[in-house]
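Heads up, the thing below is written out as structure tokens.
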């Protein structure tokens, strides 16, 4: 497609990436997904694949459906009473909208980090062990190990190891968000969904979370919704551009930002709207 | 055209100025309204002070007839006996507490269950149907509850417990429990509904079920509001009058027995004020002493509720 007009080197890159693309496993396959809030058609014919151990960024202007899409991936969207869907989202080959698919089972595999840090009003320790506890892990020793591992995984251990029993609300916003990531890691999910995880954070905390995402993708598949295009460019391997409930373009991040196929993508990433 | 231009020439600011100069009344009312509001506030404060002062003055008169020691330690309440009158409030307190305790045993589990159902499980439509019904339950006159206890609950209970007397603590206790259930349900539901949605989402996203979210996230976060609602409801049960006056009997007894006739502090006050105890007699003053004790009880409970809701608040 656009490789025809692109310089040679990039064309070569693109081919290389395409090969890579086939080698990688797909975590999620979205097929003809439509979603309505009441009569508002919020997602239209979405087809999108998410690959293992990659960071997939979803960008687009407000109201384009990017948050709706990410919340559909762990069925959190069903908490909105008037939601209807059609089409499929396959997670590891199983349709998550299948009636036999337990939503708790899905969410045990697919963790989520929210826009605003939302720790529980409990101690740091209790926040991390909440997930393992509800899934039946009671052994104190195991829980202690989980806490250390998860907090280390979220790059928070050194800052809080001496005050695990303090209330989580005493932490700074950035620390709270990393605690939420640790809480998510504690059940060792397969996928981590991040819904604008840095939009409520200061630049330094944002940087820390971004660095963390780079480390986490070695073990997890990450899907991140972001308002910030530079962030998508910095941290993601693949980027999907949403507009008015449709996927306008989905490609390797390098390609989307250097050589977008669609005029609308180009207008958006160059800051002409949005 | 000319006219139009003239109209246009007047700016909005000028129009506002014109209006302002005309409406001096508005400025006056701005000054008068707060004064009226303050006066109404003062009326209610003065009423409260008046009631407390009356209670206190009449109670001191009572204690010039009967010693404080007798009042709080004597184990018999025989105000009507001329020869061996005894004014020990313990039997009345025991009657009151028995009824309040039974009411709490009934109302706390049911009220909390309803609150959890409404805030976590019920759809918007179900909630819209159930909440008004609960409020109707709270609005039924207590005399109706009283006869419900006496003519329906007591006979049913006597089928199960043959030794139950016609007047007893159990039946009014249960019915008061039914009466305060909506209060616990409604106030607890308010507390649970105000737990931020994002916090619940955090738990749901970890694969928690609704029950796990309700018990481990919502209730702990709302515990101050829940406990406060329970304490307020019990304080209401302590102060409840008609139900116990109708179905509880008028036999003050210091015991833990719930099957026999009792008398609560409130029921005693009703009994005396209906009867022909003359002004100035010890019996007449005794209702103030009992009322004062009751006031201390409910005041204590309300303060406890406030203390608890501050102390156990999970900050978020």
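In case you wondered, yes, glycine gets a Cβ from its N, Cα and C as well.
Marked as transmembrane segment by TrEMBL: B:32-57, B:99-121, B:133-157, B:169-192, B:213-234, B:283-305. TrEMBL lists B:93-305 with the feature domain 'ABC transmembrane type-1'.
Of the ranges B:169-192, B:213-234, B:283-305, the one with the most Cβ pairs under 8 Å to the transmembrane segment (B:133-157) is B:169-192.
Listed by sequence, the residues of this chain that lie at least six past the ends of the transmembrane segment (B:213-234) yet keep a Cβ under 8 A from its Cβ atoms are 100, 103-104, 107-108, 111-112, 115-116, 119-120, 180, 183-184, 186-188, 190-192, 194-195, 199-200, 203-204, 301-302, 304-306, 308-314, 316. With Cβ pairs under 8 Å as the measure, the transmembrane segment (B:283-305) is packed most heavily against B:32-57, out of B:32-57, B:99-121, B:169-192.
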